[in-house]
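According to Swiss-Prot:
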type	residues	note
BINDING	13, 16, 37, 40	Zn(2+) binding site
BINDING	115, 116, 117, 118, 119, 120, 121, 122	ATP binding site
DOMAIN	1-56	domain 'ClpX-type ZB'
């Protein structure tokens, strides 16, 4: 587009009809005898900004109930009912707090504790999808204090801003999930006198943005420099969910309960194991600083997945692994089915890997890849996958464990 200054051939703004000297500049539309003046351009930009901000406002009447949130999570995550209920209530409370700023409500940041593959990340992601708010994921192990090699803590804000397509108002009501938070535990309970740039130092840096601050972030991420344009993002209404496996946490909690239950009326260990709940003091003992623990008022514990749950994960949720493979085979005109024995064996092997639901795909991947590589096969219409085919997938084709069209 071409910018014109002055009265050139009596050109007028096609929007307001004014011409020089009433306006300073005209911008000509390419290939057309149409113009817009600098003042109409400014006015259009402001209208776009206002409409965008209006679209970013949170409307309480659109907030789902806790039961609706749990029902939605049930479609994606198998089991973990207590965790889903706690998350649903916490999320509703958080966004009600945004809708009623005049009421003094504590920010409901959440700590998810559970073994690898139990659904921590998927729960957080599904919440954001249902609420239609921007969502960003960060790995705590990649974060360092400002000035050290690695990702600045504020880069997690940049990722959220990018997910919001640089709509600051939308980003300021988004959700950030920080995984592997247990990996930045400090080495001892005492205050460190030496630099721990990826442990206690990161906790201190995260503390500021989690409790609420106006962060000055470079829109494209990376390190700040003096000549760089920065974007202001207020984090006080961003919901932070952090998660980790916290291995050996049970031993810390058990040691506490054993000490307190010595003598008359002491609980039995078997009962204690079922009811074990982690307290803030356990998290501090593990290596989280007290101030950081204090900014995570809701601690949600996810349970390890048994084989029954893993079988359900294979087949039931939206995007279940079995459904995905059935779709891929369907594209080749093949109806793929799995026997109950096959599903049980996959779940059994995944359980042995101790990687939860993540292990399911790993168990099936090679067998499915080998079979898909052979397709298409003329006349092949059905495949019935059994437990033995996990290790010998091509036996399906070689031994007639398939059906061809007549």
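Backbone N, Cα and C atoms are what each Cβ position is placed from, and that goes for glycine too.
Here the CA atom of residue 116 (ATP binding site) lies 59 Å from the CA atom of residue 37 (Zn(2+) binding site). Less than 8 angstroms from the CB of residue 40 (Zn(2+) binding site) sit 13, 15, 16, each of them six or more residues away in the same chain.
Within 8 A of the CB centroid of the ATP site residues 115, 116, 117, 118, 119, 120, 121, 122, the other residues of that chain are 114, 243, 302, 356, 357, 358. Mapped onto three states, the DSSP output places residue 37 (Zn(2+) binding site) in strand.
Across the binding-site residues listed here (118, 121), the residue whose Cβ sits among the most other Cβ atoms within 10 Å is 118.
Each of the binding-site residues 115, 117, 119 was scored by the number of other CB atoms within 10 A of its CB, and the lowest score belongs to 115.
Local packing around the binding-site residues 13, 16, 116, 120 was summarised as the count of other Cβ atoms within 10 Å of each Cβ; on this measure the leading residue is 120. Neighbour counts were taken at the CB atom with a 10 A radius for the binding-site residues 37, 122; the maximum falls on 37.
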